[in-house]
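Here is what TrEMBL says about this protein:
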{"type": "ACT_SITE", "residues": "67", "note": "active site, proton donor"}
{"type": "BINDING", "residues": "54, 55, 56, 57, 58, 59, 60", "note": "substrate binding site"}
{"type": "BINDING", "residues": "65, 98, 101", "note": "Zn(2+) binding site"}
{"type": "DOMAIN", "residues": "13-139", "note": "domain 'CMP/dCMP-type deaminase'"}
Ligand SMILES: O=c1ccn([C@H]2C[C@H](O)[C@@H](CO)O2)c(=O)[nH]1
Ligand SMILES: [Zn+2]
(Lines of atoms letter the chains of each structure in order from A and count residues from 1; the text may use other names and numbers.)
(Lines give C-alpha, C1' and ligand atoms only; values in the text may rest on other atoms or scores of the structure.)
(Ligands and ions follow the chains in the order given, each with its own letter.)
Protein backbone atom coordinates (compact mmCIF):
# COMPACT_ATOMS: atom_id res chain seq x y z
CA UNK A 1 0.00 0.00 0.00
CA UNK A 2 1.25 3.45 -0.83
CA UNK A 3 0.68 5.65 2.20
CA UNK A 4 2.50 8.69 0.87
CA UNK A 5 -0.55 10.68 -0.12
CA UNK A 6 -2.87 9.73 2.70
CA UNK A 7 -2.98 10.99 6.24
CA UNK A 8 -1.20 9.48 9.19
CA UNK A 9 -2.13 6.11 10.70
CA UNK A 10 -1.74 7.81 14.08
CA UNK A 11 -4.40 9.80 15.89
CA UNK A 12 -3.68 13.44 16.73
CA UNK A 13 -3.19 12.38 20.33
CA UNK A 14 -0.67 9.69 19.38
CA UNK A 15 1.22 12.22 17.26
CA UNK A 16 1.30 14.71 20.12
CA UNK A 17 2.53 11.98 22.48
CA UNK A 18 5.34 11.06 20.09
CA UNK A 19 6.31 14.74 19.74
CA UNK A 20 6.44 15.20 23.53
CA UNK A 21 8.61 12.11 23.93
CA UNK A 22 11.02 13.08 21.12
CA UNK A 23 11.48 16.56 22.61
CA UNK A 24 11.98 15.02 26.06
CA UNK A 25 14.53 12.49 24.76
CA UNK A 26 16.89 15.32 23.76
CA UNK A 27 17.64 15.75 27.46
CA UNK A 28 19.69 12.56 27.58
CA UNK A 29 21.71 13.36 24.44
CA UNK A 30 25.46 12.80 24.80
CA UNK A 31 26.93 15.23 22.28
CA UNK A 32 30.03 16.95 23.69
CA UNK A 33 31.61 17.20 20.23
CA UNK A 34 28.80 18.63 18.11
CA UNK A 35 26.66 20.13 20.90
CA UNK A 36 23.75 19.20 18.65
CA UNK A 37 21.17 17.45 20.81
CA UNK A 38 18.74 15.11 19.09
CA UNK A 39 15.88 13.10 20.55
CA UNK A 40 13.58 10.53 19.01
CA UNK A 41 10.49 8.54 19.92
CA UNK A 42 9.62 5.34 18.08
CA UNK A 43 6.13 3.82 18.22
CA UNK A 44 5.66 0.07 17.76
CA UNK A 45 2.55 -1.47 16.17
CA UNK A 46 1.38 -2.50 19.63
CA UNK A 47 1.61 1.05 20.92
CA UNK A 48 4.85 0.99 22.90
CA UNK A 49 7.12 4.01 22.58
CA UNK A 50 10.91 3.82 22.76
CA UNK A 51 12.94 6.98 23.17
CA UNK A 52 16.43 7.54 21.79
CA UNK A 53 19.14 10.18 21.79
CA UNK A 54 22.34 10.70 19.82
CA UNK A 55 25.44 9.31 21.52
CA UNK A 56 28.76 10.66 20.32
CA UNK A 57 32.29 9.37 20.76
CA UNK A 58 35.82 10.77 21.03
CA UNK A 59 36.45 8.79 17.83
CA UNK A 60 33.86 10.82 15.93
CA UNK A 61 32.84 8.04 13.54
CA UNK A 62 31.60 6.01 16.49
CA UNK A 63 28.59 8.29 17.02
CA UNK A 64 25.09 6.85 16.82
CA UNK A 65 22.07 8.95 15.92
CA UNK A 66 18.94 9.31 18.04
CA UNK A 67 16.89 7.36 15.51
CA UNK A 68 19.12 4.29 15.59
CA UNK A 69 19.35 4.41 19.39
CA UNK A 70 15.55 4.12 19.63
CA UNK A 71 15.50 1.28 17.09
CA UNK A 72 18.28 -0.58 18.92
CA UNK A 73 16.40 -0.30 22.21
CA UNK A 74 13.15 -1.53 20.67
CA UNK A 75 14.64 -4.36 18.64
CA UNK A 76 16.72 -5.61 21.54
CA UNK A 77 13.51 -5.69 23.60
CA UNK A 78 11.91 -7.96 20.99
CA UNK A 79 10.02 -5.48 18.77
CA UNK A 80 10.25 -5.64 14.97
CA UNK A 81 7.21 -3.77 13.69
CA UNK A 82 6.96 -0.01 13.87
CA UNK A 83 4.48 2.63 12.77
CA UNK A 84 6.23 5.95 13.29
CA UNK A 85 9.23 7.81 14.62
CA UNK A 86 9.45 11.46 15.68
CA UNK A 87 12.78 13.28 15.67
CA UNK A 88 13.62 16.61 17.29
CA UNK A 89 16.73 18.73 17.65
CA UNK A 90 17.22 21.92 19.64
CA UNK A 91 16.68 24.44 16.92
CA UNK A 92 13.94 26.05 14.93
CA UNK A 93 14.49 23.43 12.31
CA UNK A 94 12.75 20.37 10.85
CA UNK A 95 15.52 17.81 11.28
CA UNK A 96 15.50 14.88 8.86
CA UNK A 97 17.26 11.52 9.37
CA UNK A 98 20.72 11.02 7.90
CA UNK A 99 21.36 8.51 5.13
CA UNK A 100 22.67 5.82 7.47
CA UNK A 101 19.51 6.01 9.58
CA UNK A 102 17.28 5.92 6.50
CA UNK A 103 18.94 2.69 5.37
CA UNK A 104 18.90 1.25 8.90
CA UNK A 105 15.20 2.00 9.39
CA UNK A 106 14.29 0.70 5.92
CA UNK A 107 15.22 -2.79 7.09
CA UNK A 108 12.10 -2.73 9.29
CA UNK A 109 9.61 -1.28 6.84
CA UNK A 110 9.51 1.38 4.16
CA UNK A 111 6.00 2.40 5.34
CA UNK A 112 7.41 3.98 8.50
CA UNK A 113 6.04 7.45 9.13
CA UNK A 114 8.61 10.05 10.15
CA UNK A 115 7.72 13.25 11.96
CA UNK A 116 10.30 16.04 11.82
CA UNK A 117 9.62 18.08 14.93
CA UNK A 118 10.41 21.72 15.43
CA UNK A 119 11.14 23.29 18.81
CA UNK A 120 7.66 24.83 18.88
CA UNK A 121 6.07 21.36 18.37
CA UNK A 122 5.11 22.08 14.77
CA UNK A 123 6.02 19.21 12.47
CA UNK A 124 6.34 17.87 8.96
CA UNK A 125 5.51 14.28 8.07
CA UNK A 126 7.03 11.96 5.50
CA UNK A 127 7.00 8.25 4.71
CA UNK A 128 10.38 6.52 4.66
CA UNK A 129 9.93 5.27 1.11
CA UNK A 130 9.94 8.87 -0.08
CA UNK A 131 13.15 9.65 1.80
CA UNK A 132 14.93 6.59 0.43
CA UNK A 133 13.58 5.89 -3.07
CA UNK A 134 14.70 2.74 -4.90
CA UNK A 135 16.07 1.45 -1.59
CA UNK A 136 18.08 -1.71 -1.25
CA UNK A 137 16.15 -3.59 1.40
CA UNK A 138 15.51 -7.08 2.75
CA UNK A 139 13.43 -7.91 -0.33
CA UNK A 140 16.49 -7.36 -2.55
CA UNK A 141 19.18 -9.09 -0.52
CA UNK A 142 19.89 -12.72 0.39
CA UNK A 143 16.56 -13.07 2.24
CA UNK A 144 14.48 -12.60 -0.92
O1 LIG B 1 18.80 12.93 12.21
C2 LIG B 1 19.81 13.11 12.89
C3 LIG B 1 20.86 13.94 12.49
C4 LIG B 1 21.96 14.07 13.32
N5 LIG B 1 22.01 13.40 14.49
C6 LIG B 1 23.16 13.56 15.39
C7 LIG B 1 24.44 12.88 14.98
C8 LIG B 1 25.46 13.73 15.68
O9 LIG B 1 25.59 13.31 17.03
C10 LIG B 1 24.86 15.11 15.69
C11 LIG B 1 25.42 16.05 14.64
O12 LIG B 1 25.27 15.50 13.38
O13 LIG B 1 23.47 14.94 15.48
C14 LIG B 1 20.99 12.58 14.91
O15 LIG B 1 21.03 11.99 15.99
N16 LIG B 1 19.92 12.45 14.08
ZN1 LIG C 1 21.34 9.20 11.47
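Even glycines carry a Cβ here, placed using N, Cα and C.
Annotated features taken from TrEMBL, shown on the structure.
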{"residue": "54", "record": "substrate binding site", "contacts (Cβ under 8 Å, 6+ apart)": "29, 30, 31, 36, 37, 38, 63, 64, 65, 66, 69"}
{"residue": "55", "record": "substrate binding site", "contacts (Cβ under 8 Å, 6+ apart)": "29, 30, 63, 64, 69"}
{"residue": "56", "record": "substrate binding site", "contacts (Cβ under 8 Å, 6+ apart)": "30, 31, 32, 33, 34, 62, 63"}
{"residue": "57", "record": "substrate binding site", "contacts (Cβ under 8 Å, 6+ apart)": "63"}
{"residue": "58", "record": "substrate binding site", "contacts (Cβ under 8 Å, 6+ apart)": "33"}
{"residue": "59", "record": "substrate binding site", "contacts (Cβ under 8 Å, 6+ apart)": "none"}
{"residue": "60", "record": "substrate binding site", "contacts (Cβ under 8 Å, 6+ apart)": "33"}
{"residue": "67", "record": "active site, proton donor", "contacts (Cβ under 8 Å, 6+ apart)": "40, 42, 52, 85, 87, 97, 101, 104, 105"}
{"residue": "98", "record": "Zn(2+) binding site", "contacts (Cβ under 8 Å, 6+ apart)": "65"}
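Checking the binding-site residues 54, 55, 98, 101 against ligand 2, the ones with a C-beta less than 6 Å from an atom of that molecule are 98, 101. Ligand 1 lies within reach of none of the binding-site residues 55, 57, 58, 59, 60, judged by a C-beta closer than 6 angstroms to any of its atoms. For the domain 'CMP/dCMP-type deaminase' (13-139), the model's pLDDT averages out at 97. In the three-state DSSP scheme, residue 67 (active site, proton donor) falls into the helix class. Taking the binding-site residues 65, 101 in turn and counting surrounding C-beta atoms within 10 angstroms, the largest count is reached at 101. In the three-state DSSP classification, residue 60 (substrate binding site) falls within a helix.
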